[in-house]
Amino acid sequence: MTIIIAGPTAGGKTDLALNLAKLIGGEVVSVDSRQVYKYLTVGTAKPEGEYKNGVYNVDGVNYHLVDFLDLDKTYNTGSFTADASNTAYNINKKGKTAIFAGGTGMYMQSYFGGMDVLPKADQALRAQLADIADKEGKQSLHKMLSEADPESAALIPSGNLHRVMRALEIFKLTGKKASELRTNGFADISQNNFMVYIEWDKEELNKRIEIRTQGMFGGMLKETQDMLAKGYTRNSPGLRSLGYAEVIDFIEGKKTKPEALERIVILTRQYAKRQRTWFARYKNMYKADGSALNAEQILAEYAAWKK
């Protein structure tokens, strides 16, 4: 018994998941690579909750796989798949529906459809790539990726050095494109699961992103200041979450507040575009109008799908 809710950032996935869970007595499983981190609530749009009997609870709904990882720890697709498997098993064992909600498409695909096994990190190769980036600039690595794997390069921002290096690493270690390894043999998870995609007009979503960013900046600033005071740095995996580097730049005087806000808005819009591209691969989703979400209607569609 599973429902999947997908869509771009700032699209309303969390609210819909909570409303559905309340209607059917279900529990939510977050599919978000950033909300796993403790302390970062505002900047990751993590729903505010409290722990009850060891489980994060939001307005009476158990909300799993959020707020448990230290900022110095890394989390990946394999970690999520293992954690999600255990979580869903325990939810279903209670006779409840697991509502998977989030925008980290790779996590979603890995759990529901499986993915090719990717090679482990090669530290020597990474050191070589890092040296190239230091001497020739980040753009040089992105250019290398564009030549080796244009599909991955189109999805990865040139400034995201970690992801650019990982895609190049995969290509150099396997001789295959990361984009091919991540798509060949991909099951269309919307064919065998009830999958809701929250759809938005591009301009409407862009406006929502801008408004949300402006509203969360003060909270992100306080969170970031608190984490820096605890000894974390911009290189801590958790603080590499979208937007926090710009807040740190503001704290350090490298950006004005308007500059930091503008940059976060741009990065978030780019992220939303990549999410739309990812989820477009699924051909049998129920598309729900983000401006008029109706949990009861979606449950009716779910009931019809199960027949």
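Even glycines carry a Cβ here, placed using N, Cα and C.
Of all the Cβ atoms in the protein chains shown, 23 others lie within 10 Å of the Cβ of A10 (ATP binding site). A10 (ATP binding site) carries neither a helix nor a strand DSSP state and counts as coil. Summarising the annotation, Swiss-Prot assigns ATP binding site to G7, P8, T9, A10, G11, G12, K13, T14 and lists sequence analysis as the type of evidence.
Long-range Cβ neighbours of T14 (ATP binding site) (same chain, at least 6 residues apart, Cβ-Cβ under 8 Å): A45, P47, A101. The substrate binding site annotation in Swiss-Prot covers T9, A10, G11, G12, K13, T14.
The region 'Interaction with substrate tRNA' annotation in Swiss-Prot covers 32-35 and rests on sequence analysis. Summed and averaged per residue, pLDDT over the region 'Interaction with substrate tRNA' (32-35) gives 98.
Sequence-distant neighbours of T104 (site 'Interaction with substrate tRNA') (same chain, six or more apart, CB under 8 Å from its CB) are V31, D32, S33, F80, listed in sequence order. Taken from Swiss-Prot, the feature site 'Interaction with substrate tRNA' covers T104 (among others), and the record attributes it to sequence analysis.
When other Cβ atoms within 10 Å of the Cβ of R126 (site 'Interaction with substrate tRNA') are tallied across all protein chains shown, the result is 15. In three-state terms derived from DSSP, R126 (site 'Interaction with substrate tRNA') belongs to a helical segment. Annotation comment: Swiss-Prot describes R126 (among others) as site 'Interaction with substrate tRNA', evidence class sequence analysis.
Excluding the listed site residues G7, P8, T9, A10, G11, G12, K13, T14, the same chain places G103, I198, G290 with Cβ atoms within 8 Å of the centre of the ATP site Cβ atoms.
In this structure, the binding-site residues G7, P8, G11, G12 were compared by how many other Cβ atoms lie within 10 Å of their Cβ, and the smallest count belongs to G12. In this structure the C-alpha atoms belonging to T9 (ATP binding site) and R126 (site 'Interaction with substrate tRNA') are separated by 30 Å. Each of G7, P8, D15, A45, G103, I198, G290 belongs to the same chain as T9, A10, G11, G12, K13, T14, is absent from that list, and has a C-beta within 8 angstroms of the C-beta centroid marking the substrate site. Note: the CA-CA distance between A10 (ATP binding site) and R126 (site 'Interaction with substrate tRNA') rounds to 34 Å. Proximity of K13 (ATP binding site) to non-local residues of its own chain (separation of 6 or more, Cβ distance below 8 Å) is seen for I5, A6, G7, A101, G102, G103, I198, given in sequence order.
The Cβ of T9 (ATP binding site) has 21 other Cβ atoms within 10 Å, all protein chains considered.
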